[in-house]
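Listed in TrEMBL:
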BINDING   ASP30, LYS35, THR86, THR122, GLU155, LYS266, ARG331  NAD(+) binding site
BINDING   PHE152, LEU153, ARG154, GLU155, LYS207, PHE252, LEU253, HIS254, ALA255, GLY256, GLY260, LYS324  substrate binding site
ACT_SITE  CYS263  active site, nucleophile
DOMAIN    317-418  domain 'UDP-glucose/GDP-mannose dehydrogenase C-terminal'
Amino acid sequence: MRVAMIGTGYVGLVSGTCFADFGHIVTCIDKDASKIDALNKGEIPIYEPGLQELVAKNVAEERLFFSTDAEEAVKGADAVFIAVGTPTRRGDGHADLTYVYAAAEEIATLIDGFTVVVTKSTVPVGTGDEVEAIIRKTRPDADFAVVSNPEFLREGAAIEDFKRPDRVVVGTDSGKAVDVMRELYRPLYLNETPILVTKRRTSELIKYAANAFLAVKITFINEIADLCEKVGGNVQEVSRGIGLDNRIGSKFLHAGPGYGGSCFPKDTLALSKIAADAESGLKIVDSVIEVNAARKKKMADKVIDFMGGDVDGKTIALLGLAFKPNTDDMREAPSIDIVQKLQAAGAKIRAFDPASMEEAAKLMQDVMFCDGPYHAIEGADAIVIVTEWDQFRALDLERVKSLVKTPKVADLRNIYTPVYMAEAGFDYTSVGRSY
Ligand code: UDX
């Protein structure tokens, strides 16, 4: 099949590359000429394990192309994916659909023969109808169907998630379009991945409901963690104890400093707005948004308390800045609020992250970015573990002790245990573990 991918951001690039690796002929299109030039030279604009190799392989085998020109790619395509950004609109929290509608207008002028237009971007319920209306208005004669096909890719594991998904959701009334989508995802179908065919509006809602539910799970366990600290419990044991119940499931029950990233904060907010507009309030989602935002700041208070209530003039070393490991993404990362609040209380910040320091430098002032974990902790009054990168899980603790001013560790990701750290001679605090 021939595929045109409009928008070569995170989702478009990963999806386009994986479709090419399935054997389809894919052209990824972007208005940003410097991005396309870089991709044509083999330079990948994002940090995603395995992506560079997969792009190189499919370019070499002449299945994957990059271009600023949509015309040729869309004209011959069986499926045109819209994978442009849907950021939070300034002022009202709704998803900004400017780029989606601009893509629909461009596609409308170019489609030729039966074409499936697929919205991959996360879009509010009813956007597919609007995309269809835009194309129909420009080209009343065109033979096309608009399908919703949301992505469920985690940064850092996106290729694995694309190639071995729990399910594929296809939202459309058109049987002809379903056939094209089944052909596109055929390698998965052969692996017995469920392909759920629904109406378009339901498919659009599935994406928001999935992300909001995961955000609820995380926020729930974070509040249980706080309760554990007050009543003498251990949140990791609570997670295991409840997660073994199949109805609950063990995933997404790690307590920490609050969720961040490009999806959960944006999508929970957009879902809340959709629900409010439909006069069908989602109080649970509204609370999750509020509790999570407060939690990031609360983590700075936790560190300040741990340091005796005063951090003025103290040096604090942060290990990890990205919103999670294996990404350079700093969007909505808890480290941003933590650094701001600690600095406002007078602390000096040293920091190390294996991938995100360049991004972090755009968002944080007066932070000393260091060459490695041991460099970051030199002379520190306390270490704060903010992101659970693997390389922080087995630090040489004797070396750590010899480098810091005082051996204090606030572990916001629970990657060490209280007993182990006490034996190693550290004053240690973590999240939701009284023992
Ligand atoms: C998420 C969804 O998982 C994905 O399906 C969707 O398409 C996009 O949004 P991503 O943002 O890449 O993916 O990150 P994810 O791994 O889901 O983590 C999100 C945030 O939740 C991170 O800040 C992470 O640290 C936090 N988290 C996750 C927890 O605090 N505890 C957990 O148990 C799981």
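Yeah, the Cβs are placed from backbone N, Cα and C, and that goes for glycine too.
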Cα separation, ARG331 (NAD(+) binding site) to GLY260 (substrate binding site) (Å, whole number): 7
LYS207, LEU253, ALA255, CYS263 screened against THR122 (NAD(+) binding site), Cα within 10 Å - retained recorded positions: LYS207, CYS263
Site extent for NAD(+), whole Å (max Cα pair distance, ASP30, LYS35, THR86, THR122, GLU155, LYS266, ARG331): 24
Cα within 10 Å of CYS263 (active site, nucleophile) - qualifying binding-site residues among ASP30, LEU253, ALA255, ARG331: ARG331
Among LYS35, ARG154, LYS207, LYS266, ARG331 [binding-site residues], residue with fewest other Cβ within 10 Å: ARG154
Secondary structure at THR86 (NAD(+) binding site), reduced by DSSP to three states: coil
Nonlocal neighbours by CB distance (under 8 Å) for PHE152 (substrate binding site), same chain, sequence gap 6 or more: ASP161, PRO165, ASP166, LYS207, ALA210
The one of LEU253, CYS263 whose CB sees the fewest other CB atoms within 10 Å, among these recorded positions: LEU253
Rounded Cα separation (Å) that holds between ARG331 (NAD(+) binding site) and ALA255 (substrate binding site): 19
From binding-site residues ASP30, LYS35, THR86, LYS266, the one whose Cα lies nearest ARG154 (substrate binding site): LYS266
Those binding-site residues in ASP30, THR86, THR122, ALA255, LYS266, ARG331 whose CB falls under 6 A of ligand 1, listed in sequence order: none
ALA255 (substrate binding site) and ASP30 (NAD(+) binding site), distance between Cα atoms, whole Å: 38
